[in-house]
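Asker: Please see the structure below; I have some questions.
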Amino acid sequence: MIDTSDGGRQPMVDETLRVGIVFNGEIYNYLELREDLASQGVHCKSKSDTEVLMQIMSRKEENGLDCLRGMFAFALWNDLTGTAILARDRIGKKPLFYTISNDCMYFCSSLDALRREAPVDTGINLEALDLYLSLGYIPAPFTIYKGISRLPAASFAKAHGGAVQVHRYWDLAKSGEPYQGTYEDAKDELEERLEQAVAIRLRSDVPIGVFLSGGVDSSLITALCIRQSKSKIQTFCVGFKRSAFDESASAISVARHLGASHHTLEAHASLLDIMPEMSSHFGEPYADASALALSAIARMARPHITVALGGDGGDEGFAGYEWYANASRLTQLSSKMPQVATSTGARMARLASNWSSNRRIGQASRALAVLELPPANGFAALRSFVSEADADFLYAGDLLEHRRMHTAAAQLLSGCYSRAEGSALRKMRFTDIETYLADDLGPKIDVATMAHGLEARAPLLDQDVMKFALSLPDHFLMDGFGGKRILRDLLARHLPPELFMRPKRGFSLPLAHWLTTTLAPKIAALETSPALLDLGVLKPLGVRRLFREHQSGVRDHTQRLFSILQLDTWLSLH
């Protein structure tokens, strides 16, 4: 989106014809980097960020990653050193896949393209499949295929002399220097950092707009864009007839107050018709239903704009998710209850849940079970959709045997939690940034928008903003109204509170309702699906049980059922 002339075409090689690069993404601080190069006597021939990236990396190799601000996945070949470097941005906005076969490295930002073009083992990776069913996405370094790896965010792979090594170049796990200023100082500094993050993301040679849900994050980004943009900002949102999920009226009010030109897409259950298309774009099972709404908005916006800014990252950076508050309440409760009372209560609740169809008893059982666990394992249990008990009645064959030996999701999440420094809230946020944000939300934004030729940019995912967010004390983030305290108070400088002090929804879908109405025939057919039966890793009676419990209201199996449906959709395409 920067320098659309022939000067930015790829693959790009330098004047020696010994260094080449292919690059997907944007380097937002390319102007500053180009000035630095010029001061060293290196003059770029084009105006593109691709050439700047190539010149930086050819001179500094992996050390050049430290100075990049942007979203990127790239591969650089240096014939002078016989070295190839693959790299992915710090937060994981751009995906990158690779495989080694017959002494060759194959790579691509499209999993499906790599599967088609490279000689790889395309057998199903059971650990990845368990992770998918447990989380709704497949985290790095796994993909659904045994023979293809996903490069983790904030990492690079260096190939030299027949060996490939993967290294991290940025890590938020260490708490660094905690913020020492006052709350008012923090608000001022955050606004300054966000204004800079927005400013460099407004650099483009094509029209720019904003995805505005009407919530705190996207409203704040819209306000900052309008303050800095030289042209009128266009905003886009999705609305639903079911009022519990419809934020279009709020988005319209925010846009009107800020002076944006607003567009609303009224969505229906027909959104579900693009499930096969989205499954094809992701190249593997993927079960974040909000990708459907995002794809629809991108399709609507594309005739008007080519770049869209959004509020993604506010929940992870500034503690916006409900599960942070839930985990904090459970931790406080655990500290006030003797271990024997916790264990006894959990056993009694589990016994009651076995004989009761009451949803509240089931919720109490799961909450008390979490109380028995250490904090890292407890948070992992809260974030996973398939417990050990769920796996016993749902999984079959090799997948069940694998799960009994390896609890992949629990190990991944608890490992991230334990590696992070700081408070429990900081550990939870880091874990979500490292997993959920990097390998669910980041790729979702990229795939759902790029499928329509639209590029999404997220100022709240700026590395300086994210690092600052994780330096803040907990009480700057959470108060009696919930999370994102500092973002809410910052937005109050631009909007009346009554326009944004509402329950969080985002671009959510009424999926739980659709599973019992529009999608009910497809869900009912899953237990006899030829694709699933042929795979042989799910018990048909277990799938039936999930659907019956969901229909009757005993348990909310929305995510589990949608994950299985998306797995079936993907299998039917492959």
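Cβ atoms are placed via backbone N, Cα and C, with glycine included.
Predicted automatically and left uncurated, TrEMBL annotations should be read as such.
Sharing the record's features from TrEMBL:
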{"type": "DOMAIN", "residues": "1-162", "note": "domain 'Glutamine amidotransferase type-2'"}
{"type": "BINDING", "residues": "D49", "note": "L-glutamine binding site"}
{"type": "BINDING", "residues": "V238", "note": "ATP binding site"}
{"type": "SITE", "residues": "D312", "note": "site 'Important for beta-aspartyl-AMP intermediate formation'"}
Asker: Can you give me the same-chain residues 6 or more apart in sequence from D312 (site 'Important for beta-aspartyl-AMP intermediate formation') with a CB-CB distance under 8 Å?
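Answerer: Listed in sequence order, they are D217, L441, I445, A456, A458, L460, L461.
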Asker: Under a three-state reduction of DSSP output, how is the residue listed as 'L-glutamine binding site' classified: helix, strand, or coil?
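Answerer: DSSP assigns the residue listed as 'L-glutamine binding site' to helix.
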Asker: Let me know the DSSP-derived helix, strand or coil state of D312 (site 'Important for beta-aspartyl-AMP intermediate formation'), please.
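Answerer: Where D312 (site 'Important for beta-aspartyl-AMP intermediate formation') sits, the three-state DSSP reduction gives coil.
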Asker: What is the separation, in Å, between the Cα atoms of V238 (ATP binding site) and the residue listed as 'L-glutamine binding site'?
Answerer: 33
Asker: Summarise the model's confidence over the domain 'Glutamine amidotransferase type-2' (1-162) as a mean pLDDT value.
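Answerer: Summarising the domain 'Glutamine amidotransferase type-2' (1-162) by its mean pLDDT gives 93.
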